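According to TrEMBL, the protein carries these features:
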type: BINDING; residues: B:Cys39, B:Cys174, B:Cys187, B:Cys191; note: [4Fe-4S] cluster binding site
Amino acid sequence: MEIVCPAGTPAALRAAVKAGAHTVYCGFADETNARNFPGLNFSREEMQEGVRFAHAHGAKVLVAINTYPRAGSETLWRQAVADAETAGADAVILADPGLLDYAAQSHPDLRRHLSVQAAAANADIINFYARAFGVKRVVLPRVLSVPEIAAINAETEVETEVFVFGGLCVMAEGRCSLSSYATGQSPNMNGVCSPASHVEYRETGEGLDARLGGYTIHRVGRDEPAPYPTLCKGCFTAGGKTGHLFEDPVSLNAEQLIPQLAKAGVTALKIEGRQRSRSYVAQVVRNFRTAVDAQAAGRPIPQGMLASLSEGQATTTGAYKKTWR
Amino acid sequence: MELTVGANQFFWTPEAWSSLYEDLAHTPVDRVVLGELVCSKRLPFYQDRIPAAVTTLLEAGKQPILTSLALVTLKRERKMTAELAEMGIEVEINDLTALATLPEGARFSVGPLVNVYNESTLAWLAGRGATRVCLPPELPIGPVRTLAQAGRDLGVAIEVWAQGRLPLAISGRCYHARRHGRTKDNCQFACEEDPDGLDVRTLENRSFLAMNGVQTLSESHACADYQVELLRDAGISALRLSPQTGDFAGLCRLWRQRLDGEIAPGEVAAALRRAKPDIRLSDGFLTGASGAEWSGARAGS
């Protein structure tokens, strides 16, 4: 299976390629992609250079242009599609129907992948995207179990790509405005979720409060590590019960499910983390390359390689197991 | 401007469900969206009542519209979605899956849970038969104005979320079930206990969100009372009101009075507070720095 690896910077791209990535994905340094963080992403020149480097090493580059273009400013997103093609990208990853339509009409030879931000969660809609816009691959939303993924693959010619490691959206991707409700900035409009600009840590008598947009959603004792206050992983109270009502501060690790995902017909495994350091990326990529090579050779997947890299040390297989719901 | 009543987002008893549409027949609203938006497991409890509600609304001169689910994953849900058009009334798509399964050439509406953020997507939907689009609630007034203009050029009516708890997220996971230590498949319909959603508070005990099965809403009730003139000037053709418990029919009448200039800006908000003194209102998505903000707070109401 193909591993699709994150590159937030040119250095991370080179590290991922050298570590054995079949494919890397990255974005331009603006609001056209869903990891629009300060200090991250690629200039036009860096993208051209990155594609050259990857191609020279036999790896592919996908360019994520997966926020929803702002009314009145669509040129920025269309230019990003054009520039990805000029840079020699192997595909663009898009979510917005209007932008997909534009890309299909104006850049028909540029391969189109459907972003997870489109949350296409069944074979009917995936086949529809293929008919309407010539989409060749879909990144599946993190709401599906492995048998459901297998059922989708049985009904579509479109390749499927699934997340196997890193941060985990609990909500259907591209269908969530929790962040803009609290901070004014959202994944769909701005390419950010629970942005650092709205995070505040406050010392209290007992420890540390983590606030987002003025809402306290984490509280830890002295000397405890303070998790980043991502909204859906915050601590809340409802009906007299306090806890992580939406999701625990866990990250996804579906490494051990690789054989099942292969059997389900999945084409590519995606690693989240364009905001991560190049050393993190290199280590994760190396481990996943070892794992997919083991899978291809019929050997067992090595155990527990990545435990120390997981956020907060706790991991989940998310929706891939039906009981997660 | 016209008034549209959106799909009831909550799980009400079958009797309460029917009463809502009987009451709405006697209100000055123009169209009513009905059917199941949030969770396919709820539908069997009131499905057989939909034809009667449709008849009641038609006889009262309202346009009934049937909503799709917001997130379609299961085989059963795909079947449900494919069968929407069989009812013979207009369908409101709230997941593009419904568009994929509508008969070729059918006219349809687009609900607030479809991502229509720009003119190209609006034009693409218009080209496929969309006649009406309720914009995503998180859109600020600037893009709303641009899309209203584009809608006018394309002959698509543009609608804005004006009243009721905001649909902020939809998930594969049922939070009501999780809170009760159950899974979605064995939820035992925990969401039925909370006909307006269950308040989710922050650690400093501030009201923040509302849990509604697989859906997460704002705890505050959106209220575009102070934006009516702004929206009218922008060319918005209808405001959307979302059902809630209490005197919802009365609230619909109040909104009609507000649109007709019979009551002043702030009067809808004031009435909501009289009915429920601790209600929190918001209009920040349209004109504030964040969705939870309330412009009335500055005006002292």
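Glycine is no exception: its Cβ is also placed from the backbone N, Cα and C atoms.
Nobody curates TrEMBL annotations by hand; they come from automatic prediction.
Mapped onto this structure are the features recorded in TrEMBL.
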residue: B:Cys39; record: [4Fe-4S] cluster binding site; DSSP class: coil
residue: B:Cys174; record: [4Fe-4S] cluster binding site; DSSP class: coil
residue: B:Cys187; record: [4Fe-4S] cluster binding site; DSSP class: coil
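Ranked by Cβ neighbours within 10 A across all protein chains shown, the binding-site residues B:Cys39, B:Cys187, B:Cys191 are led by B:Cys191. Closeness to chain A is evaluated for the binding-site residues B:Cys39, B:Cys187, B:Cys191 by Cβ distance, with values under 8 Å counted; no residue is counted.
Note: B:Cys174 ([4Fe-4S] cluster binding site) has non-local neighbours B:Cys39, B:Thr183, B:Lys184, B:Cys187, B:Ala190, B:Cys191, B:Gly213, B:Val214, i.e. same-chain residues 6+ apart with C-beta under 8 A of its own C-beta. Note: the [4Fe-4S] cluster site is recorded as B:Cys39, B:Cys174, B:Cys187, B:Cys191; in the same chain, B:Phe11, B:Lys41, B:Arg42, B:His176, B:Ala177, B:Lys184, B:Phe189, B:Ala190, B:Gly213, B:Val214 also have Cβ atoms within 8 Å of that site's Cβ centroid.
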